[in-house]
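Everything below concerns the one structure shown next.
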Amino acid sequence: MIDAAWLLIAIPLVGAAVLLLAGRRANAWGHWLGVIASGASFVVAALVLIAMLGREASDRVVDVHLFDWLNAGPLNVEAGLRIDPLSLTFVLLVTFVGTLIHIYSVAYMEHDADRRRFFAYLNLFVAAMLLLVLADSYLLLFVGWEGVGLASYLLIGFWNHVPANATAAKKAFIVNRVADVGMIVALMLMFNTFGALDFSTVLTAAPGMADGGKLTAIALMLLVAACGKSAQFPLQSWLGDAMAGPTPVSALIHAATMVTAGVYLVVRSGPIFTGAPNALLVTAIVGAITLLFGAIVGCAKDDIKKALAASTMSQIGYMMLAAGLGPIGYAFAIFHLLTHGFFKAGMFLGAGSVMHGMDDSVNMRGFGALSKFMKVTWITFGFGWLAILGIPPFSGFWSKDKIIEAAFAADGGHGWQPWVFGSVALVGAGITAFYMSRLFFMTFHGDKRWAQELSDGSELPVRHPHESPALMIWPMIILAVGSAGLGGVLAIGGGFTTWLEPVTGPVAHHEPVLPVAVIMVVTLVLVLVGAFLAWRQYAASAVPVEPPVGSALTRAARVDLYQDAVNENLLMRPGQYLTRSLVYTDKKVVDGAFMGLAGVLAVIGSGVKRMQNGFVRSYAAMMLAGFLVLVVIVLFVWN
Amino acid sequence: MASGGEAILFWCVAPLMVLAALGLLFARKAVHATLCIVFVMICLAVLYVAQEAPFLGIVQVVVYTGAVMMLFLFVIMLVGVDASDSLVETIKGQRFAGWLCGLGLGAILVGVITRVSFPEGVGLATANLETNPVGLARILFSDFVFDLEVVGILLITAALAALTLTHKARLTARVGQKEMADARVLGGKSLVPLPAPGVYAQRNAMDVPALDPHGQPIEASVSRVLRVRGQERGAPLEGELNLLTELKASSQTPTGPERAAPDVDPAAPAETEEEH
Amino acid sequence: MEFTNYLVLSAILFSIGAATVLLRRNAIIVFMGIELMLNAANLSFVTFARMHGDLTGQVIAFFVMVVAAAEVVVGLAIIVSIFRTRRSASVDDANLLKN
């Protein structure tokens, strides 16, 4: 069965091709074809999983050779798939959550004229993402990497008749290009260092490398790539705008799967990072900064999707932090990635369900008391909320708590690192509890703030909140069950970390600087405090419909801590000035020189042109004159 | 070697040759220029003979005067004898440049030749021992036999080239007697020959149209050239004929204008009659 | 002295032929100028043959005549075909070399 793994990629790819090429005649059944393609992929993945479970743990890394791709002298790249616990985990996550979101989208996009195109892009995304995680070389991974970037671009700008959406899509694309440069440089460095790009060669050779500098460079370049794809600081600015896409897209691509590709890349390149401690430290710092950054931004956003996006950023920050901790954190990063994929996708689908019932409004200050109208959405969202808070025994508790624990054991439990990273993770958990509870309470509890008079007499639009159709509810219920139970099930006896051992190696154990029980209790206390503060402010007391002015920090957080302003002032403006001056230089200096030269030549030419009058007699006269001159010269020289 | 007779011949012929050659420069008509050159060629033949080259002299007359220059005349006639060359120069500065170059070339050549001292002439008495054509033939068919063959190929090629260049591809089907007859039937024109002028008319002159059975003149019977020139004489109608008879009877000495009065157009026929 | 006379005559005829090529516009007359130049050269050959007592000069003159005949045939054919298409025998009308 493992040999048939190429079907995983081929099925959704064929689905996308059929949907794109069939045109309007596929409008009637196209969405079901998309669902079937994704579902078939999941079935294949499940079969591969069963085949894999039948093998010995030591035998669980399988390279499936597909064909010789590039055979150019020293560069010999074979297209092949690497089936191992890590890629299989991703494949299952992508196909399972992907299929659920496909089903959800059938109902969500029901009234969209371009539903077929939407499913074509979704299938394309699934194929590209599977290629990304299944590739057995960095080059093939890069193909998938670009493929998901393309699908992301197409889906963010799906409603591109709205200029803002098109701009958001372009922003995501461009920021990802910046990261891709890092990826390309990493590929070049890798080829230069190891002479190969496939995982088996590179990852085997990496630990034995004497030259730490090169390894660090490769790792840092990979980190740049990961930062772009996973919206990590300082390339995080695109994720908030990416919410312009349809909500299922936000759930699948910008919460559960694609944005976690950076974490996958870091964990996959584990041997390289382990060999470059400085790069690991940078990874951890990036993760820590992003985790706080996202959390702070999340506290101020009134747009439900943008708040969730900030939360995604923050949670991926946790994963990056875990990955940056090295062998003690790789497995937990993937564990958190898995649970996060479930509960965040569930919450996004819940947000979509809320929007569905509230006429596509995303402003949480216009929500409130929706729990009475959308019971199922409320409960499933609640499961996700509890999971992300890390309330035992929900999924998030098992994964996040491990990361906080590992953060307190950073750098072998010596020096400043465990304290800094530990406290950041701890504080982050508290803030996470606050903003997620704020989101939850503002949406589902408190007074209803729709269809009521405003202070200035104008009336908010009258809404008719209602529960979503079954096709939307069931995916949410399944994801909610996953949010509730998956973490616990996988954490029993360290089952998941053991499963990942063939890739990440056994989890190195260091004693945290604080006792484990203390960390757990403090975390829970902080989470409860955060949730209580949010309850007091947003559920127990009235929430103003108009956003209050707020503190300086709030105002800053509302505009994403000025990240766009920073980008514009630091990068865009100087870039524009540079290009403008270059254009000016090109026009005046370069063109001037060339045009001047051309002008001089043209003047000479128009002078010489007179001689070329086309008359044979003129030419004959010139020939004779030249002959005479030659004769005279010869005569004078000889005499 | 230099006999007095040869010097006299030279001085008689050379100035005439130069004058004739100048005719090439100044003659308005191409035919005149060609005749000048024919004269130069014949004089050259004479000079060849005088210079102990009788074979070349004969060839000069046969090939150049007889063939080449006649070819020139043919072409001139083909192109148009009356196409005289305008002497107004159209290219700016060309006339000045032409004269300067021509005179400069002549001056340099003459200057060089007159300043060079030539060796005493050997003469061809020895070489022409077996007559000049035989002497030439010995060299031509020994040292230059390959060149001779090449020149033969060149001549054949030139002949073929002339054929190809002047050959005009037929663009339309050849129009023969049958095609012309078909066209005439299709065009609804008269199938029989046109009537001769003067038939049934008062006079049977060339310029008088024939009359048809109704007594009406047939315009087409008069030559087209006469009609175009307006020299056609109108056929008198019956009433006018009667008037004419009466006039003849009443007047003994008819004057010119009175005689012309019955004509359709009084002025033109009167003149023509007087011309004749 | 005798030879110089012939050679000067040859030079004068050659110069007149060259001037004709430059000054006249009728292609046929221009062509005749070329013929005149060839004949002037022939006169020189014959003269030098006599001067050196070597018949090779006459042979060369003979070859010149033959080649000139071939040239005339082709040249006149070209003039005729040009005249056919352009209704003109003026060398100034055939100025397609321009531009």
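Cβ atoms here come from the backbone N, Cα and C positions, even for glycine.
TrEMBL: automatically predicted annotations, no manual curation.
Annotation source TrEMBL lists domain 'NADH-Ubiquinone oxidoreductase (complex I) chain 5 N-terminal' at A:69-119.
What TrEMBL lists as domain 'NADH:quinone oxidoreductase/Mrp antiporter transmembrane' is A:135-414.
Annotated transmembrane segment per TrEMBL: A:6-23 (among others), in sequence order. Here the transmembrane segment (A:6-23) has long-range neighbours at 30, 33-34, 36-38, 40-41, 44-45, 48, 64, 66, 81, 91, 95, 116-117, 119-121, 123-124, 126-127, 130-131, 134, meaning same-chain residues at least 6 beyond its ends whose C-beta is under 8 angstroms from one of its own.
The transmembrane segment annotation in TrEMBL covers A:32-53 (among others).
TrEMBL lists A:86-106 (among others) with the feature transmembrane segment.
Beyond the ends of the transmembrane segment (A:141-162), by six or more residues, the same chain brings 114, 117-118, 121-122, 124-125, 127-135, 168-170, 172-173, 176, 180, 183-184, 187, 225, 229, 241-242, 244-246, 249, 253-254, 258, 261, 265, 268 to within a C-beta distance below 8 angstroms of the stretch. If you look up TrEMBL, you'll see A:141-162 (among others) marked as transmembrane segment.
According to TrEMBL, the transmembrane segment annotation covers A:174-195 (among others).
Using a Cβ-Cβ cut-off under 8 Å and counting only residues 6 or more beyond its ends in the same chain, the transmembrane segment (A:247-267) has close neighbours at 86, 90, 93-94, 97-98, 101, 104-105, 108-109, 122, 125, 129, 132-133, 141, 145, 148, 151-152, 155-156, 158, 222-223, 225-232, 239, 273, 283, 305, 308-309, 312, 316, 319-320, 323-324, 330, 333-334, 337, 340-342, 344-345, 348-349, 351-352, 355, 503-504. Among the features that TrEMBL reports, transmembrane segment is placed at A:247-267 (among others).
The transmembrane segment annotation in TrEMBL covers A:279-300 (among others).
Annotated transmembrane segment per TrEMBL: A:376-399 (among others), in sequence order.
Long-range contacts of the transmembrane segment (A:419-441) within the same chain, counting only residues at least 6 positions beyond its ends with a Cβ under 8 Å from a Cβ of the stretch, are 284, 288, 291-292, 295-296, 298-299, 304, 307-308, 310-311, 314-315, 317-318, 321, 325, 364, 381-382, 385, 388-390, 400, 403-404, 407-408, 410, 512-514, 519, 522-523, 526-531, 533-535, 537-539. Among the features that TrEMBL reports, transmembrane segment is placed at A:419-441 (among others).
The transmembrane segment annotation in TrEMBL covers A:513-535 (among others).
The transmembrane segment annotation in TrEMBL covers A:589-607 (among others).
When Cβ-Cβ distances below 8 Å are used as the criterion, the transmembrane segment (A:619-638) is approached by residues 611 of the same chain, each at least six residues removed from its ends. The feature transmembrane segment is assigned by TrEMBL to A:619-638 (among others).
Among residues of the same chain six or more beyond the transmembrane segment (A:376-399), those with a C-beta under 8 A of the stretch's C-beta atoms are 311, 315, 332, 335-336, 338-340, 342-344, 346-347, 349-351, 353-354, 357, 370, 429, 432-433, 436-437, 439-440, 443-444, 467-468, 473, 476-477, 479-488, 490-491, 523-524, 527, 531. Sorting each residue of the domain 'NADH-Ubiquinone oxidoreductase (complex I) chain 5 N-terminal' (A:69-119) by its DSSP state yields 29 helix, 13 strand, 9 coil. Distant neighbours of the transmembrane segment (A:513-535): 389-392, 401, 404-405, 408-409, 413, 418-419, 422, 426-427, 429-438, 440-441; these residues of the same chain sit at least 6 beyond its ends, with a Cβ under 8 Å from one of its Cβ atoms. Residues 1-2, 4-5, 7-8, 11-12, 14-16, 18-19, 26, 60, 62, 83, 85, 88, 91-92, 95-96, 98-99, 102-103, 106, 119-120, 122-123, 126, 130 of the same chain, all 6+ positions outside the transmembrane segment (A:32-53), place their C-beta atoms under 8 angstroms from a C-beta of that stretch.
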